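Here is what Swiss-Prot says about this protein:
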BINDING   HIS564, HIS568, CYS682, HIS686  Zn(2+) binding site
REGION    859-878  region 'Disordered'
Amino acid sequence: MSGVNEIRSTFLNFFAANGHEIVPSSPLVPRNDPTLMFTNAGMVQFKNVFTGVEKRPYHRATTSQKCVRAGGKHNDLDNVGYTARHHTFFEMLGNFSFGDYFKENAIELAWKLVTKEFGLPKDKLTATVYIDDDEAFGLWKKIAGLPESRIIRIAGSDNFWQMGDTGPCGPCSEIFYDHGDKVWGGPPGSPEADGDRFIEIWNLVFMQYEQLEGGVRNPLPKPSIDTGAGLERVAAVLQGKHDNYDIDLFVALIRAIADLTNADPQGPQKASLRVIADHLRASSFLISDGVLPSNEGRGYVLRRIMRRAMRHAQLLGAREPLMHKLVGALTREMGQAYPELIRAEALIKETLRLEETRFRKTLERGLAILDEKSSTLKKGDMFDGDVAFTLYDTYGFPLDLTQDALKSRGISVDQASFTDAMERQRAKARAAWAGSGEAATENVWFPLREKLGATEFLGYETETAEGAVTALVKDGAEVEGLKAGESGAIVLNQTPFYGESGGQVGDTGVMSGDGVRVRITDTQKKAGDLFVHIGTVEQGTLKLGAALQLEVDHGRRSAIRANHSATHILHEALRQVLGDHIAQRGSLVSPDRLRFDFAHPKPISAEELARVEDIANDVVLENAEVTTRLMALDDAREAGARALFGEKYGDEVRVVSMGNAARDQASNAQASNAMGWSVELCGGTHVKRTGDIGLIAVTSESAVSSGVRRIEALTARGARAHANHNLSLAKAAAAELRTTVDEVPARIAALMEERKKLERELSDARKKLAMGGGAAAGGSASGIREVAGVKLMARAVEGVEMKDLKSLVDEAKKQLGSGVVAIVGRAEDGKAGVVVGVTADLTARFNAVELVRAASEALGGKGGGGRPDMAQAGGPDGSKAEAALAAIESAISRAG
């Protein structure tokens, strides 16, 4: 047994043969668990099973769980690449018993696997137990035959596990492998335990107590088992390696990186190769599970991981994006075990490529500032934390990247001042929000929800109903009544008004009764499920307890229904055209338009957009039934219902299905689910049949942020008006161009080509005129004179663009052979650009950047940039062109 894939299969198959259900790895983004940023252990997906909240159809399970540790207390990021066993991404092998077997069976199964299936020598294995766990101590003697000297009692948290301050807990027992006396270190619990001789390969947790407040522990009625073995560690032991990065999986990835960068895997660039290999896995798996790089939350952690790898790619000498070229090597190694990698391969590649392209610009700016600010520091010094925060806040340079860049020079970052700067910014944001008046208003809803309970929503079945006023709120405080002309928020015991959520806007309408009439302009959901109606009393006085007739604006609701159903259809159509990686990132469903944001790394072509629109309208024309049903969350997921990424769902969810499950094979759209063509978890309102949408017209496609695209669309009458408007524009264009509508594109293309030709001719004419008749500094007809022993060509020209100024300078340098060329171009808006060129033989004496900065200052500008042989700048005052040329001449004189 040698390969990682074989080791993983052996583990899972062993436990399957012993009555365990092989459960697929859960996503890296924990479902319905706000306490965790990422899945970081095998037991995470079984948390509710262990606590009794959730029931599963099995009592024994085994998994190979994807895990990421790169944030919070489990942050291994800084160590990755520099140690033998730190990773941001790793796989946790595990077996679990939910009130079935306990200690004896757990130890027996573990010992049988490591000694029989894995073939590890018994004399190389040592076990630890919690200090007072006599039962486990005796079982290791009985089952494994270990001598007491190799069953070590350990006190403290290392051998006692707790889910939290309260809840299930219990002692642990760990299996260690002894690498032999050639490696420094001592057994667990000894003074030399920090050495690498004894390596933990498996941790068995015996959940046998419930921790209560006050430190009391009661025995659990059904003790359980939770075990975890790091696959990379196990593979290293089985492959005879002392370093996780020497196992077959990492060797293959590092070889792929080395082939592209010509780096030596055993040379001084070893750490960079390892960083990239590790971070490639973390980045790719996070993207495949729906996380995209951003500046907050999980997306920011992903961006930090990606950018750290990209920084090391730059250290290896990569001059163009590298990471995306390595995804194929990763899918070859891990795609069979994790097919989601293969499904999302295109998204992973494009996301990595775009992020690295952007980051290279950030890296250049950030490193330049870092070099400047740390130029006077020496080994052992501290880098200013405020500057580190500026790099983070202004330039997108993560703190760990700053630390990493300074690490090789022995310079540390003042993290305390960095944290202070971060907190000052957060305090400003909190103060701004609190001072906006929103804080007081928001604070009223949670106590009301506790007092009144949830509002019963009737809007799926009806748009008219009766309701009683249970609370009135004005200016953030509860009131007894609202008079005519006053506006406020109204809470009812039940309502047909939909509260804004899931991207769908809130309903509007009218409430009336006993001389009172209220115009409702918005409906919102607060504190989870408290429906709050925003409105103005038009007649009478509205009082607490009033009975009202409630009527939603039917026409507006109808338009919203059509637009909401259209978003579902467009979502599935986008998946059909662009790939399975398409996942919703947000939406807006209003009566007059819809907006849909989704994960996709690049713009959608006109052809792709047309296909999406065609598929969507095929489903509309089918006039298929739209069905809704309530289902258990797990049943809905197993049935293939799509969920909004990051949304929290209860145990029971509403599933909306539309489109025929079995479609005509000649149709543009193909079946995606037995329940329907589009199947999503959704709490919004929808049409009865897809034909009620009428027509879907996509009006725009754009970028929202890195890796997130947006389409906007119209339905029904809005779509028809849009189509008619476009046709009118096409007819008007055809009339203006004296051609037919069908020939308009070809006619425009011909005109654009003619325009390009004329622009080229005009540019050439301007350049000839500029070099032949522009004003020359010093009055020389040719503009060439000698300054400080070198030839200087200095001219001011009119109407020449910056790109043309550069070509003029290049041509003039060739003509001069040796010398300096300076050309100032005055634009029509009064501004000026200046380009300075220095021939190669003179760059040791004259720097084009320094010369151009002197000119820029004369023009009222600041700075300038380029290379020693060619630089450019600009300024707002083109009337000072001659002064700019004189400044260059003076600078040459001083330098000469």
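Cβ atoms here come from the backbone N, Cα and C positions, even for glycine.
Sequence features, as recorded in Swiss-Prot, placed on the structure.
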residue: HIS564; record: Zn(2+) binding site; CB count, 10 Å: 26
residue: HIS568; record: Zn(2+) binding site; CB count, 10 Å: 29
residue: CYS682; record: Zn(2+) binding site; CB count, 10 Å: 25
residue: HIS686; record: Zn(2+) binding site; CB count, 10 Å: 26
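For the region 'Disordered' (859-878), DSSP puts the residue distribution at 1 helix, 9 strand, 10 coil. The Cβ centroid of HIS564, HIS568, CYS682, HIS686 marks the Zn(2+) site; residues of that chain outside this set whose Cβ lies within 8 Å of it are SER565, THR567, VAL589, VAL626, VAL656, MET658, GLU680, GLY684, THR685, given in sequence order. According to DSSP, CYS682 (Zn(2+) binding site) is assigned to coil rather than to any helix or strand.
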